[in-house]
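Asker: Sending over a structure as C-alpha cells; questions will come in a sec.
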Amino acid sequence: MGKDIKNICCIGAGYVGGPTMAVIALKNPQIQVNIVDINEQRITDWNDTDLDKLPIYEPGLKEVVEETRNKNLFFSTDVDTAIDNADMIFISVNTPTKTYGKGKGQAADLKYIELCARQIARVSKTDKIVVEKSTLPVRTAEALQGILSSTGNGVKFEILSNPEFLAEGTAIDDLLIPDRVLIGGNNTVSGKEAKNALSSIYEAWIPKERVLQTNVWSSELSKLTANAFLAQRISSINAMSVLCEETEADVDEIARAIGMDSRIGPKFLKSSVGFGGSCFQKDVLNLVYIAKSYGLDEVAEYWDQVIKLNDYQKRRFADKIIKESYNTVSGKKIAFFGWAFKKDTNDTRESAAIYVADHLLDEQADIIVYDPKVSEERIYADLEYLNTHSSEEIRNRVKVVSSHSEAVNNAHAIAILTEWDEFKAYNWKEIYSKVLKPANVFDGRNILDKEKLVNVGFNVYNIGK
Ligand code: NAD
Ligand code: UGA
C-alpha cells in the first residue's frame, strides 16, 4: 500500500463530501481528487459555471471550488473509473435512519454503504485504502472488511475510520481550522501505514498534534459520542428553559452563568425551538439502537430522553403560538421567519420549522414562510414527506414568499424559526404597521431585541424567559 497518495476518490457529493474534498484538494494541489455521485443533477450543479448554483450553500465554499475545480478537483457520475484510479477512497454517502424493517425509526440504514463496498470490491484492480467518512455504527468497518475481502482477486483493502465533525453553516472554517481530525485504523503494519498516509494529507494544513490516531472502533464510536454529547447539551439547556418560563429565571442568563465555569464552557448552550439537522436525531437514535442491541436498556433510555425532550420543545413552541392566539389559529396567518435548521445553510433536514408548521397545520393555520436560502419546492417537499397532510392542503395553507415584508402583511403572528442575522436588522416599526393587532412575535431563537420590539408595540414571547 503506497504511502504517497496521488489520486483520491470520494463517493458521495453531499454536504460532507463536497466541502471536505474541496478543502483537501485546495491544500494538496499534488493530489487529484474526484468526487462522484449517482445523483446526476447534483453533479451537474457542482459543475455549473455559475458558482451561485452549487448544490450547497456554505459561506466560503464557492471560493474554494473556484480555485480547485477542474484543476485537481473533479465532479463526475462515473463512479467506476474514479474507484479504479484511486489510491484512497472516501465513502461519504448518506446513512439515514431506517424507515422499514428491523430497527425502523432508530437504526442507521447502511444499504448505501454496502452498495459502495460491493462496487469498490467489484471494480478495484489495485490495493486501496478505504476511508469511512460517513457516520457509522461502531463495528461497521468489520462488515466492510467482510465484503471487500470476499472478492478473492488478491486486491488488498485497508479500512480507516475518519469521521467528519464539521457543522453546516461553518463547514469551510471547521475544515480549515478543525479542533481535531480523528483517524481510526488497525494497529498492524499496513494499518499504521494507511493511518499515516491519511494523516499526511491533513497535515498539509493542520498541526500534527491535532491529528489523532486511534483504533478503528474508538474512532467510529467517538463520532456518535460527540454528536450525542452536543445534542444532550441542547436538550439540557432546553429542559431548563421550560423551568425558567415557570419561575421567571432567564435561560440566557443561566447559560452565561454556567458557561463561565470552565468545566462546562460557554458554547452550545443556546436554548432554542429545538435542534434540527440531518445528524443529531439520527445519530442519537442510532446510539439508542446500538445500546439496546447489546441489551443495555438503561443506556438506551438515557440517550432516548435527549430526543424526547427535543420533540417536546418543538411541540411546546407550536402550542405557545396557539395558546397566545386565543387558543385557535384556524384560518389565521402565521408568518414564519426562517425554515433552514440553522442560519447560513440551505439545508432543512429535520428542521424544527417543519414540525412546528405541521402542528399548526393540524390546527388549520395558514403559514407564510420566508427564508433567505430555502426554495419553495423544498418547503413543500419537507411537509409532504411527513405524510400527515395532503399535498393539496399543504399547498393551499402554506405560502412561500421571497421577502419578509410580503410575509407579514396582515399576519396574526410572527414566529422566528431560524436565527438568520438579517431578522435582527429588519425595520420592526414598519413590520408592526403591517401585522394585525395585538402584534405577537414568538422568538424561537431568542435573537431579537425584546425591549426594542416591546417599545414598538409587539408582545414578544421567548424561549426560557
Ligand atoms: P448527503 O445526503 O448530502 O450526501 C450523500 C450523497 O451520497 C448523495 O448525494 C447521494 O446521492 C450519494 N450516494 C448515495 N449512495 C451512493 C452510491 N452508491 N454511489 C454514489 N453516490 C451515492 O449526506 P451528507 O450530509 O453529506 O452526509 C453524509 C454522511 O456524513 C452521513 O453519514 C452523515 O451522518 C455524515 N455527516 C454529515 C454532516 C453534515 O453536516 N451534513 C457532518 C458530519 C458527518
Ligand atoms: C452537528 C455537529 O455540530 C457537528 O460537529 C457534526 O459534524 C454534525 O452535526 C454532523 O454530524 O452532522 P450541524 O447539525 O451541522 O452539526 O449543526 P449544529 O451547529 O451542531 O446545529 C445543530 C442544531 O442544533 C441546529 O438546529 C442548531 O440551531 C441547534 N443548536 C445548536 C441549538 O439549538 N443551540 C445551540 O447552542 C447550538
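Using the three backbone atoms N, Cα and C, a Cβ is placed for every residue, glycine included.
Grabbed the feature section from TrEMBL, which reads as follows:
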ACT_SITE  Cys279  active site, nucleophile
BINDING   12-17, Asp37, Arg42, 93-97, 134-135, Glu168, 279-282, Arg349  NAD(+) binding site
BINDING   164-168, 223-227, Arg263, 270-276, 341-342, Arg445  substrate binding site
DOMAIN    335-450  domain 'UDP-glucose/GDP-mannose dehydrogenase C-terminal'
Asker: What whole-number Å value do you get for the CA-CA distance of Asn94 (NAD(+) binding site) and Cys279 (active site, nucleophile)?
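Answerer: Counting only the Cα atoms, the answer is 10 Å.
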Asker: Do you know the DSSP helix, strand and coil residue counts for the domain 'UDP-glucose/GDP-mannose dehydrogenase C-terminal' (335-450)?
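Answerer: Secondary-structure composition of the domain 'UDP-glucose/GDP-mannose dehydrogenase C-terminal' (335-450): 46 helix, 19 strand, 51 coil.
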Asker: Hey, how far is Gln281 (NAD(+) binding site) from Gly274 (substrate binding site), Cα to Cα, in Å?
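Answerer: Gly274 (substrate binding site) has its Cα 11 Å from the Cα of Gln281 (NAD(+) binding site).
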Asker: Are any of the recorded positions Thr97, Glu168, Gly274, Cys279 near ligand 2, with a Cβ under 6 Å from it, and if so which?
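Answerer: Close enough to ligand 2 are Glu168, Cys279.
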Asker: Express the predicted model's confidence over the domain 'UDP-glucose/GDP-mannose dehydrogenase C-terminal' (335-450) as a mean pLDDT, rounded to an integer.
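Answerer: Within the domain 'UDP-glucose/GDP-mannose dehydrogenase C-terminal' (335-450), the model's average pLDDT equals 98.
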Asker: Please check each of the recorded positions Tyr15, Glu164, Ser271, Gly274, Cys279, Phe341 and report the ones with a CB atom less than 6 Å from an atom of ligand 1, ordered along the sequence.
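Answerer: Listed by sequence, the hits are Tyr15, Glu164, Cys279.
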Asker: Near Leu224 (substrate binding site), which residues of its chain come within a Cβ-Cβ distance under 8 Å, counting only those 6 or more away in sequence?
Answerer: Thr135, Pro137, Val138, Asp283, Asn286, Leu287, Ile290
Asker: If you skip the near sequence neighbours and keep only those at least six away, which residues in the chain come within under 8 angstroms of Ala167 (substrate binding site), Cβ to Cβ?
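Answerer: Result: Asp174.
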Asker: Measuring Cα to Cα, how many angstrom lie between Asp37 (NAD(+) binding site) and Cys279 (active site, nucleophile)?
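Answerer: Here the two Cα atoms lie 20 Å apart.
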Asker: By CA distance, which of the recorded positions (Glu164, Asn227, Ser271, Cys279, Phe341) lies nearest to Thr97 (NAD(+) binding site)?
Answerer: Cys279
Asker: Identify, in sequence order, the residues in the chain of Gly12 (NAD(+) binding site) that are 6 or more apart from it along the sequence and have a CB within less than 8 Å of its CB; answer 'none' if there are none.
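Answerer: Listed in sequence order, they are Ile35, Asp37, Phe90, Ile91, Ser92, Val93, Asn94, Lys133, Ser134.
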Asker: From the recorded positions Asn227, Ser271, Cys279, pick the residue whose C-alpha lies nearest to the C-alpha of Tyr15 (NAD(+) binding site).
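Answerer: Spatially nearest to Tyr15 (NAD(+) binding site) by Cα position is Cys279.
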Asker: Look up Thr97 (NAD(+) binding site) in the DSSP assignment and reduce it to helix, strand or coil.
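Answerer: In the DSSP reduction, Thr97 (NAD(+) binding site) maps to strand.
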Asker: Do you know offhand how many angstrom separate Glu168 (NAD(+) binding site) and Phe341 (substrate binding site) by C-alpha?
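Answerer: For Glu168 (NAD(+) binding site) versus Phe341 (substrate binding site), the Cα atoms are 10 Å apart.
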